[in-house]
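> Mind having a look at this structure? Questions to follow.
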Amino acid sequence: MATTVTCTRFTDEYQLYEDIGKGAFSVVRRCVKLCTGHEYAAKIINTKKLSARDHQKLEREARICRLLKHSNIVRLHDSISEEGFHYLVFDLVTGGELFEDIVAREYYSEADASHCIQQILEAVLHCHQMGVVHRDLKPENLLLASKCKGAAVKLADFGLAIEVQGDQQAWFGFAGTPGYLSPEVLRKEAYGKPVDIWACGVILYILLVGYPPFWDEDQHKLYQQIKAGAYDFPSPEWDTVTPEAKNLINQMLTINPAKRIMAHEALKHPWVCQRSTVASMMHRQETVECLKKFNARRKLKGAILTTMLATRNFSVGRQTTAPATMSTAASGATMGLVEQAKSLLNKKADGVKPQTNSTKNSAAATSPKGTLPPAALEPQTTVIHNPVDGIKESSDSTHTTIEDEDTKARKQEIIKITEQLIEAVNNGDFEAYAKICDPGLTSFEPEALGNLVEGMDFHRFYFENLLAKNSKPIHTTILNPHVHVIGEDAACIAYIRLTQYIDGQGRPRTSQSEETRVWHRRDGKWQNVHFHCSGAPVAPLQ
């Protein structure tokens with residue numbers, strides 16, 4: 001009887017130590033190679049939990065990382081498969097994030113920013129020369145090799161990276177992080193290497209003043225700003241930045257990717273290659289202070305999002321301004337975090353770009369000064385809307401959180417479309433409701449007295465005879481939404497729905513139902529194909 005030989009090369013050659021990162025399918029631990037005593041970071045992926053597509057994604061990331069050998073890129077030293085686990089052995093990067101290091105410095109100038117962007121561009125140039133587009137350049141992926149002064153900047157996390165042939169432009173899927181996405185990606189046009197240069201432009205802008213060039217509470221408005229290239233250089237902070245620095249930013253943030261500066265050209269820009277005579281040496285204390293708040297927002301946002309999602313609440317056009325009812329504990333936790341966010345974010349000095357009327361492009365989406373920027377309440381994590389790209393998983397060796405971003409993005413879509421459906425119900429808008437529902441929608445609901453209802457006619461009756469005639473305010477809160485993603489084009493959501501309304505006698509009432517909805521995506525659009533609602537037959541719940 002033949003015996004199966006199991007590979008134990010990692011176990012034989014490396015000694016594992018403490019955890020330094022953790023995620024959905026993997027953990028990162030410090031390790032030492034026994035024969036040399038050298039330290040590394042081992043990303044350990046539990047392959048028993050991966051789908052075939054996830055395996056392809058892992059192979060692509062390892063293949064790309066093996067290609068890249070540069071002093072400004074976190075290097076992959078080994079890739080080993082053992083039974084049930086895959087080990088990626090990276091540089092052990094101990095200096096933390098570049099942006100966190102900058103705010104701890106006693107002195108920081110335009111010349112320092114020039115040196116930082118030069119190293120980032122050197123890494124990007126190497127990627128592009130090797131036919132690799134990173135697609136997720138952002139502060140979280142810019143690390144320092146060590147805590148030593150003058151340590152090298154290291155580009156990390158190639159979980160979204162793609163391979164391209166030469167200057168090939170194609171649609172590789174909607175991937176990246178909202179504030180750093182290029183106009184061509186947002187327009188869903190063919191793209192390639194220039195997307196990395198656009199992100200470098202955003203990073204350089206932040207390096208110089210401590211806040212981003214594009215921001216809005218509303219992600220749609222944020223995307224409109226980016227597509228229009230609507231940024232500016234407001235006073236007084238930009239008055240002390242040299243014209244050469246602004247010129248480089250303008251060339252990086254050029255809307256047309258064909259006209260955007262390339263990595264090798266940017267490295268030859270006078271502000272980069274002649275920094276000692278061109279870049280200002282003046283200490284930029286205001287930038288450091290703004291950057292502290294920018295960093296704080298990045299760290300805080302995840303906690304806010306997690307807490308707020310637990311009691312996700314929204315209101316429709318005819319609602320009252322009274323807050324939705326929620327559990328005291330959850331409400332307290334959420335409000336505590338929101339107050340923390342406000343204290344960090346509501347002032348220009350806190351790193352929020354002041355909104356001015358003089359924008360580079362008149363199509364800029366305007367926001368009132370003092371409102372929360374998207375980093376506070378909008379997710380600034382990586383998003384993927386194209387299943388071809390597989391699951392985004394941050395390289396744990398970069399000290400970032402690993403998440404199944406593809407699944408996460410789809411779950412957010414399902415919660416959002418469920419909100420839209422309930423909003424249509426509360427508005428009595430049958431047309432909007434019918435667009436979201438499958439024509440053959442099936443349901444078990446109290447109004448049907450336990451019978452299975454199929455089609456839209458049953459629901460149309462309530463819209464035409466009750467909901468459309470209801471002029472009283474309605475306020476709905478979704479509590480504890482749980483989404484199960486079922487393959488690429490199906491999902492199920494379960495939640496508790498609280499509805500506040502005014503009864504016929506003018507008294508405030510609250511009703512509760514437990515609901516489950518099944519969603520199916522057809523032609524790129526999610527449609528509700530079935531729902532099950534508990535409770536007594538009380539309008540206006542359905």
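Placement of Cβ uses the backbone N, Cα and C atoms for every residue, glycine included.
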> Swiss-Prot tags one of 133-142, 163-172, 283-292, 523-532 as region 'Autoinhibitory domain' - which one?
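That would be 283-292, per the region 'Autoinhibitory domain' entry in Swiss-Prot.
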> Given the recorded positions Tyr17, Asp136, Thr287, which one's Cβ is surrounded by the fewest other Cβ atoms within 10 Å?
Tyr17
> Give me the CA-CA distance between Asp136 (active site, proton acceptor) and Thr287 (phosphothreonine), in Å, as a whole number.
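Asp136 (active site, proton acceptor) to Thr287 (phosphothreonine), Cα-Cα distance: 24 Å.
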> Between Thr287 (phosphothreonine) and Tyr17 (phosphotyrosine), find the distance joining the two CA atoms and give it rounded to the nearest Å.
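Rounded to the nearest whole number, the Cα-Cα distance is 38 Å.
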